[in-house]
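First comes the structure, then the notes that go with it.
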């Protein structure tokens, strides 16, 4: 069965989700809603400064987007309730505007005829959040779910392996995060986050993140044991998690690496990667995994106190897991 998917919001994640869908035979994008017109949408899809030119034919016919010969409905509705997803038989909507992050707002897609909704960000209410490979088996048929954040998708698989094998007493996470669309090119007003309004290309900017605390929702036994912060840095894509934890059961750094490597080849294959080479951030660009553990970057103070490093393409890795979650909730 091919899953029919609509995208609401054709920004960075919306477009990378679209690109990722082209590599799958179980998912078809049948509709896109954004305030962009179809011609500009085609241009934004065709050319990408981070991921390169789109591999395929992109054109516009009669106000619709035609990609590799397949017609995709284009709409420009501000209110999701008016989207008439039923007219194109949409199974799942990818809600990637960043605006509709709660059950009551995302439910407008259901009212418009979609069967299910995946929110591409942490939910603002108790809408369940899922990280593939970590808690996806707890899905109970909910119509509206969240794919959490890109950082939570990097951190949670790593935390799961550590907690399962050695136990986590407590931990602090820092994500060194690439620039995102919410930042300013030059200093500008940012009433809620003064530092966040400073020029993205000129500064390393300390910021808040709920990614570590969110792991407590994904792995309940870690609730209250993890918190974290972010540094926004002037790179276009690829971020890295620095996780420092105190372990319940002692383990050498090699034992920890061995456990992560085994998980990357076993139950977390396709989600968690393992690298034992001298890589840098650009080497991860385009990697579909959500977490790539760097065995050469971590350090151990003693057998109970360790710092681990894991990379992630915060666009590609996350967007690929959106599709994996879609496939999971439509089984």
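Each residue's number is its place along the chain shown, starting with 1.
Backbone N, Cα and C define each Cβ position, glycine as well.
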Pick the one from 127, 180, 185 that Swiss-Prot also lists for the D-glyceraldehyde 3-phosphate site with 149, 150, 151, 209, 210, 232. 180
So which binding-site residues are near residue 177 (site 'Activates thiol group during catalysis'), with CA atoms within 10 Å, out of 12, 151, 232, 314? 151, 232, 314
Name, in the order they occur in the sequence, the residues of the same chain whose CB lies under 8 A from the CB of residue 232 (D-glyceraldehyde 3-phosphate binding site) and which sit 6 or more residues away. 177, 178, 179, 180, 183, 196, 200, 203, 204, 205, 206, 207
By CA distance, which of the binding-site residues (12, 13, 34, 78, 314) lies nearest to residue 151 (D-glyceraldehyde 3-phosphate binding site)? 314
If I take the alpha carbons of residue 210 (D-glyceraldehyde 3-phosphate binding site) and residue 150 (active site, nucleophile), what is the distance between them in whole Å? 11
Can you list, in sequence order, the residues of the same chain other than 149, 150, 151, 180, 209, 210, 232 whose CB lies within 8 Å of the CB centroid of the D-glyceraldehyde 3-phosphate site? 175, 177, 211, 230, 239, 314
Among 149, 150, 209, these being the recorded positions, pick the one whose CA is nearest to that of residue 314 (NAD(+) binding site). 150
